[in-house]
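Peer 1: Take this structure, written in structure tokens, and hold onto it; I'll ask about it next.
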Amino acid sequence: MEKTQLLNKDKLSIDAAPHLSSKRSSSWIMQQVLIALLLPTAAAVYFFGWRVLLMVAVGILSCVGFEYLFQKWKKQKTTIKDYSAAVTGMLLALSLPVTAPLWSLIVGSAFAILIVKQLPGGIGRNVFNPAVAARVMLKVFFSPWITNWITPVPDAVSTATPLEYISDFTPYVPAEVPSLMDLFLGIGLGGNVGETSKLAIILALIYLAVRKIINIKIPILFVATVAIVTSIYGNFQFDYMMTHVLSGTLIFAATFMATDYSSGPLTPDGKTIFAIGCGVLTAAIRILFNFPGGVGIAILIMNACVPMIDKHLAPRIYGHRKRPVRQRSA
Amino acid sequence: MFLLKGKREGAQTEERKHRTEHRPIEEASVPSTLIYPLSMHIGAPATPLVEEGDKVKIGTLIAEKAGFVSANIYSSVSGEVIEISDMNTTNGKGPCIAIKNDFQDEWDEPLFNEGEELDRERKLKIIEKAGIVGMGGATFPTSVKLSPPPEKKIDTLIINGAECEPYSTADHRLMVEYAKELIEGVRVLLEIVSATNVYIAVESNGHESVEALKKAIGDSDYIQVKELPTIYPQGSEKNLIKNLTGREVPPGGLPADVHVMLMNVATTYAVYEAVRLGKPLTKRITTVSGEPIKDPKNLWVRIGTPIEELIKECDGFQSAPGKMIHGGPMMGKPITSGRVPVTKGTSVITFLEPEEVTTDERTACIRCSECLNVCPVSLQPILISNAYENGDIDQAEQLGAMDCIDCGNCSYICPSKIPILDNIRSAKIEIRSRKEKK
């Protein structure tokens with residue numbers, strides 16, 4: 001018996017199967033998003049200077065702080081250790097121009113965390129993406145302060161974003177628009193700090209896809225749909241299409257915002273429709289209205305459609321002919 | 001297009017097979033006392049035919065099948081019946097026969113006389129008589145499976161060697177070391193069910209077995225070895241059928257409904273021994289593995305051997321185990337007593353370290369949709385789990401709770417550590433009990 005003596009009945013767990021669990025935890029997943037966001041952050045510091053870091057710090061601290069205070073007040077367990085509030089803070093900071101006053105970040109964070117995220121019940125229950133909603137809210141109500149685009153230091157002159165040239169029913173690329181390569185690399189562009197260097201964002205996208213944090217079909221379908229719609233509208237001019245693809249917040253939002261778990265669909269077909277819907281709406285808003293902030297609004301509209309999309313696009317269960325139908329939403 | 005597919009239909013769990021996959025099967029030493037549960041198969045418990053004090057030999061029928069879905073039980077040693085009473089088994093306490101080994105290893109009469117001509121009916125009878133059940137763990141009586149209703153004509157026979165549970169290498173070693181006998185077993189099955197397509201399904205991590213099988217098959221071109229991706233649960237009935245034939249078993253149905261029959265490799269080997277050699281089912285291959293085990297092995301084990309004897313056979317533990325599992329770590333059953341015996345369905349005994357079994361604290365669902373991505377039958381596991389927790393059993397049923405195959409991928413993958421499978425199982429139990437009330 002001596003060889004089996006280590007078998008101690010009282011020390012054996014009797015929890016039901018499965019007896020193994022994956023090492024991925026929710027906080028690990030959010031950490032990966034934060035790591036990926038360091039790439040566009042680094043690019044932003046390079047193009048816009050050190051103030052970017054101050055913005056990111058204020059964004060993270062205020063989002064985490066608001067979540068902590070709200071949960072203390074409500075006597076709930078605090079969830080700041082899952083890093084999701086930090087992700088929201090970082091995303092919000094990166095979606096504002098370098099001239100945005102710090103108080104606008106704090107106001108945006110309060111709105112994102114308190115109203116958009118915690119009011120419906122916290123992580124996993126929010127209908128809208130907190131960072132996107134806060135950004136759109138700031139754009140609508142505080143536009144003089146946060147749409148004062150400047151080109152990167154040291155010139156620091158006010159400028160229009162490339163999008164302002166090509167929206168407004170202009171199915172061609174005016175001469176003032178920067179070259180496609182500059183748009184891709186983020187050289188000489190005004191705009192929100194995190195979205196200028198498409199190169200940095202695409203590297204982050206690859207990181208997240210390799211780590212299996214995001215479903216890469218969402219950003220690909222989103223951007224491809226914008227490309228297709230703008231090609232058709234622009235009479236298949238390659239430059240016009242590419243200017244749309246590389247301008248504004250499209251690639252940044254497609255990577256970090258449309259892929260958000262809480263506000264996105266659960267079902268595989270739902271994700272396809274969601275991404276295509278985001279793309280169609282973005283292109284439509286850009287073309288039909290003289291309104292460059294279309295991406296955020298497109299995502300919010302699709303966020304609102306998620307329960308309906310998921311309900312009708314539940315996967316067909318093995319052996320069944322039709323998709324399952326839910327009577328009530330879960 | 002793989003980018004757009006985005007659906008893996010299974011999880012890449014760690015295989016954890018490296019410690020035993022290249023270890024040849026060893027004969028486990030036979031203990032002095034063996035225990036035979038009367039219920040080590042699906043269906044009615046067998047009826048004892050012996051009394052305390054009776055002398056038995058290897059292959060002596062000690063308990064007889066009781067009804068259509070039931071199975072005979074044979075002594076796996078020669079010796080004396082010492083006790084018939086309730087004892088601990090892998091399924092809790094139940095009636096068992098205990099036999100004291102006299103170490104003479106004398107054999108009883110074979111299942112049929114040497115030189116006897118065997119027709120199809122007689123072969124089926126021998127398989128029934130031999131007490132063979134599904135040895136992959138399902139333990140459904142094989143003779144019943146081999147007699148589908150005539151309107152469900154079988155055209156495809158799948159020999160299941162896709163051993164997808166981590167740690168498990170018993171089927172793999174059988175295919176490597178007994179490929180010839182296995183193929184002979186397939187031929188026996190084909191004499192009973194006339195299938196035109198015959199596949200031996202192996203996971204792509206088993207190159208060694210693929211080569212051995214191909215060599216054993218030789219020129220015969222109707223038996224095909226199919227290498228399938230190593231994705232858990234590749235070896236599940238529903239998934240194998242879909243991946244090999246493109247057919248889907250209807251809800252609540254059986255493989256025979258889509259003209260397919262599945263047979264585990266160990267079962268096929270037992271069929272060979274019964275019909276070609278006249279030997280009833282008295283032994284099987286069991287893998288004993290996991291980090292706490294000092295010298296993990298694949299063992300030929302006499303059915304009825306207490307599990308603690310196998311631990312000794314593997315040189316005991318190198319660290320204290322935190323969990324002992326009858327079966328693999330994805331679908332196996334936790335057990336706490338080393339006195340329980342190996343049964344016809346014991347393909348692996350897994351030991352896990354205490355750190356591996358501590359469950360992290362549950363957090364809120366973040367809607368990552370991983371449970372949908374890994375569900376092999378395309379359920380939305382978290383929604384069924386939520387419905388159950390909200391007390392909405394109707395919704396759990398509408399969402400397909402009854403289609404769940406219990407593979408455990410959803411709970412495995414969940415980053416919020418939600419006990420999704422536990423909830424789905426509870427929902428299934430409630431749905432069933434409601435149906436019975438009606």
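Any Cβ shown, glycine's included, is placed from N, Cα and C.
What TrEMBL says about a protein is an automatic prediction, not a curated fact.
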Peer 1: Given that TrEMBL assigns B:CYS365, B:CYS368, B:CYS371 to the [4Fe-4S] cluster 1 site, pick the one from B:CYS404, B:CYS407, B:CYS414 that the record assigns to that site as well.
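Peer 2: Answer, per TrEMBL ([4Fe-4S] cluster 1 site with B:CYS365, B:CYS368, B:CYS371), from B:CYS404, B:CYS407, B:CYS414: B:CYS414.
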Peer 1: With Cβ-Cβ distance below 8 Å and at least 6 positions apart along the chain, what are the contacts of B:CYS365 ([4Fe-4S] cluster 1 binding site)? List them in sequence order.
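Peer 2: Expected: B:ILE382, B:ASN386, B:SER416, B:ILE418.
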Peer 1: Among all protein chains shown, how many Cβ atoms are found within 10 Å of the Cβ of B:CYS375 ([4Fe-4S] cluster 2 binding site), not counting that one?
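Peer 2: 30, counting other Cβ atoms within 10 Å of B:CYS375 ([4Fe-4S] cluster 2 binding site).
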Peer 1: When the Cα of B:CYS407 ([4Fe-4S] cluster 2 binding site) is compared with the Cα of each of the binding-site residues B:CYS368, B:CYS371, B:CYS414, which one is closest?
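Peer 2: Closest candidate to B:CYS407 ([4Fe-4S] cluster 2 binding site), judged by Cα separation, is B:CYS371.
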Peer 1: Counting only residues 6+ away from its ends, which parts of the chain sit with a Cβ under 8 Å from the domain '4Fe-4S ferredoxin-type' (B:395-424)?
Peer 2: 10-11, 13, 232-233, 236-238, 251-252, 330-331, 359-366, 368, 370-371, 373-377, 379-385, 387-389, 430-431
Peer 1: Far apart in sequence but close in space: which same-chain residues, 6 or more away, have a Cβ under 8 Å from B:CYS368 ([4Fe-4S] cluster 1 binding site)?
Peer 2: B:PRO415
Peer 1: Which has the fewest other Cβ atoms within 10 Å: B:CYS404, B:CYS407, B:CYS410, the binding-site residues listed?
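Peer 2: Relative to the other binding-site residues in B:CYS404, B:CYS407, B:CYS410, B:CYS404 has the fewest Cβ atoms within 10 Å.
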Peer 1: Rounded to an integer, what is the Cα-Cα distance in Å between B:CYS414 ([4Fe-4S] cluster 1 binding site) and B:CYS375 ([4Fe-4S] cluster 2 binding site)?
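Peer 2: That comes out at 12 Å between the alpha carbons.
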Peer 1: For the recorded [4Fe-4S] cluster 1 site formed by B:CYS365, B:CYS368, B:CYS371, B:CYS414, which further same-chain residues have Cβ atoms within 8 Å of the site's Cβ center?
Peer 2: B:ILE366, B:ARG367, B:SER369, B:GLU370, B:PRO381, B:ILE382, B:CYS410, B:ILE413, B:PRO415, B:SER416, B:ILE418, B:ILE420
Peer 1: What residues, ordered by sequence, lie under 8 A Cβ-to-Cβ from B:CYS371 ([4Fe-4S] cluster 1 binding site) and sit at least six positions away in the same chain?
Peer 2: B:GLN380, B:PRO381, B:ILE382, B:ASN409, B:CYS410, B:ILE413, B:CYS414, B:ILE420
Peer 1: For the binding-site residues B:CYS368, B:CYS371, B:CYS404, which ones lie near chain A, with a CB less than 8 A from one of its CB atoms?
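Peer 2: Near chain A - Cβ to Cβ under 8 Å - we find B:CYS368.
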